[in-house]
């Protein structure tokens, strides 16, 4: 998995989610 540079502790992945990133361990991964 590659970190997308966005956290998802309080809110879900937003901008990076459009690039296919999903929340994993409080960080958005691709």
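Each Cβ is built from the backbone N, Cα and C atoms, and glycine gets one as well.
Residues or ranges marked as disulfide bond by Swiss-Prot: 4-21 (among others). Secondary structure at residue 4 (disulfide bond), as computed by DSSP, is strand. Long-range Cβ neighbours of residue 4 (disulfide bond) (same chain, at least 6 residues apart, Cβ-Cβ under 8 Å): 13, 16, 19, 21, 27, 28, 29, 30.
Per Swiss-Prot, the feature disulfide bond maps to 8-23 (among others). Note: residue 23 (disulfide bond) has non-local neighbours 8, 12, 13, 29, i.e. same-chain residues 6+ apart with C-beta under 8 A of its own C-beta.
Feature annotation from Swiss-Prot assigns disulfide bond to 13-28 (among others).
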